[in-house]
Amino acid sequence: MIPRWQPASIPLLLHLDTLRCHHVSVQPPRATMTSLNIKEEDIPRLDGKVVVISGGASGIGLAAANIFARAGAKIFLFDRNPPDSGEAPENSTFIKADITSWAELKAAFAQAGHVDIAVANAGVSEEQPYFEDTFDEQGELKEPGFAVVDVNFKGTVMFTKLAVSYMRKQGKGGSVVITASATGYAPEQNLPVYSAIKSGLVGLVRSLRSTLPRFDISINAVAPAATITKLLPMDIAGPLMAAGLPVSSAHMVGLAVVYSAVARQPRMVETYGKENVLDLESKWNGRTILTLGEHYTELEEKLADLRPVWFGWRNTDLTKKQQATADFR
């Protein structure tokens, strides 16, 4: 059974399709974010499906791999180092690959050969306080490192490009899921570049959600808050938990990743350009699931519904018309 999202009871919304500039006097729509109840037993069988996961040897990637594998999928784990002994599922193959290398990523996809589901999960944290002054041996301001940019943004874009290319050529559709971050919506002041990049990954999902469905390809994101992985080991997570703050397990986030790849939706997040049918049942697409402690929340639909409020009614109407004029489909 493919999990199908059921909307919570919310006040009636005024959708963009009915907006006109003279509606500025109308009461703005109200909406609450949609809570999700995701259970592993709701994941359908995935026998015969091939899943590729970057950063798949540990943390969220490995947790998702084990869930996919229990559903019957064949898994390819792309990473710089193999999983610890005994942690990878039996029906998985490790492929050594640096996500910042186009050549290595191409070779990894070629070795997998076929792709039904692609999870762009590899990521690193900021290696330095980016906007503090550091100096070289001559006392000159030192150029900062760009690993967080290369891995988290460039690598994710390259991985996604290759995945979409394979899915288009195969002609059988597919699903792309990107591991973003809660910091993409609520930035951390001590992680400014990391937060900006994760916001950019959410932007990538928004930019592609209207075009990829032409090929029966969906794209979604998961936005983990504090999660116990190598980026947030237990000795750091412990004080958060002791203070009563929510911390997620890698398994919980991994389950959101798998759900995002297989679920269906009763309506689109929003229409774009020439589109005029919002209530269209289809694959889960263009959405982000926030994972916070043991709670799942879908963010994008309500943000889209409230666009006239935060973007402006007139701005929304005119932008919609501009998009329709430039819509190449």
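All residue numbers here begin at 1 and follow the chain in the order shown.
Backbone N, Cα and C define each Cβ position, glycine as well.
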Further binder of NADP(+) named by Swiss-Prot next to S58, I60, N81, D98, K161, Y194, K198, T229, taken from the candidates N37, N121, N276: N121
Where T229 (NADP(+) binding site) falls in three-state DSSP terms: strand
Fewest Cβ neighbours within 10 Å, where candidates are the binding-site residues S58, N81, N121, T229: N81
Neighbour tally for Y194 (active site, proton acceptor), based on other Cβ positions within 10 Å of its Cβ: 23
Shortest C-alpha distance to N81 (NADP(+) binding site) - which of the recorded positions N91, Y194, K198: N91
